Amino acid sequence: MSQTKTAKVRVTLFFILVGGVLAMVAVVTDHWAVLSPHLEHHNETCEAAHFGLWRICTARVAVHNKDKSCEHVTPSGEKNCSYFRHFNPGESSEIFEFTTQKEYSISAAAIAIFSLGFIIVGSICAFLSFGNKRDYLLRPASMFYAFAGLCLIVSVEVMRQSVKRMIDSEDTVWIEHYYSWSFACACAAFILLFLGGLFLLLFSLPRMPQNPWESCMDAEPEH
C-alpha cells in the first residue's frame, strides 16, 4: 500500500475509533431520553426520569415555573436507579409509575450489542492488517464497521419508537420528553462508523489499471 493510502487509512481508522468509543458510551449510559410529567399545581416537585438501554433513574426536582410543566428539566440530586425488570427479574423495578415497551427495549439493547460485536471483530481485522502483506483484511474490517453503524442507527430508531409509544400510552404519567446526550452519542457513532467503514473500503481497494491494455493482474503491486 502506498504511503498516501496508508495515511488515509490511519486517519479513517482514527475516526472509526472515535465512533467506537461513542458507541460504547451510548450503550452503557442512561441518558438516551428524559421524561417528565405534567404538574397539576404550582411549586410542585417534578419527578423527572432519564433512562437508557438497561435501566432508568428518577429524581425529584423542585419546579417554580407557571406553565405547570417539567419540560426540559434535568434530573439532579439524589437519584433512584433500577434496571428494567425484563433484564433483572429478581429486582423490584416498581420504584415509580412507569410503563415500558418490553419488546422495543429488548430489541434496542440486543441490536446495540450486535453493533459492539461488529466493532470488536472489525477492530481485530484492522489490527491484523498491519502485519506483512495483510492489507486485504481492511476490507472485511470496513464492512464490519459499516454493519456496526447500521445496527446502531436501527437501535436508535427502535428506542425512539419505544419512547413515542410510551408517551402516547394512556397508562403512563409521562407526557414530556426530550433526547439527551447518550442518544446524541449513538447518532454521532453511526455517522463515524458507517461513513468510516465506506471510506476504509474505498481506500483498501487495489489500484485500478491506469491504461486500457492493463489488467488488474498486470498492474504494479502496491507496497
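Cβ atoms are placed via backbone N, Cα and C, with glycine included.
Values in this document were obtained by computation on a predicted structure and should not be read as measured data.
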* Asked: Looking only at Cys46, Cys70, Cys81, which is named in Swiss-Prot as the disulfide mate of Cys57?
  -> Cys81
* Identify the topological domain of Tyr104 and of Pro206 in Swiss-Prot, and say whether both name the same side of the membrane. => no
* DSSP says what for the topological domain 'Cytoplasmic' (1-10): how many helix, strand, coil residues? -> 8 helix, 0 strand, 2 coil
* Structure fact -> Given the transmembrane segment (11-29), its same-chain partners at Cβ distance under 8 Å and 6+ residues beyond its ends are 52-53, 112-113, 115-116, 119, 122-123, 126, 145, 148-149, 152, 181-183, 185-186, 188-193, 196-197, 199-200, 203
* Structure fact -> Its residues classified by DSSP, the topological domain 'Cytoplasmic' (131-135) shows 1 helix, 0 strand, 4 coil
* If you count Cβ atoms within 10 Å of the Cβ of Cys81 (disulfide bond), leaving out that atom itself, what do you get? -> 15
* **Alpha-carbon spacing, Cys57 (disulfide bond) to Asn80 (N-linked glycosylation site), which is rounded to whole Å** => 5
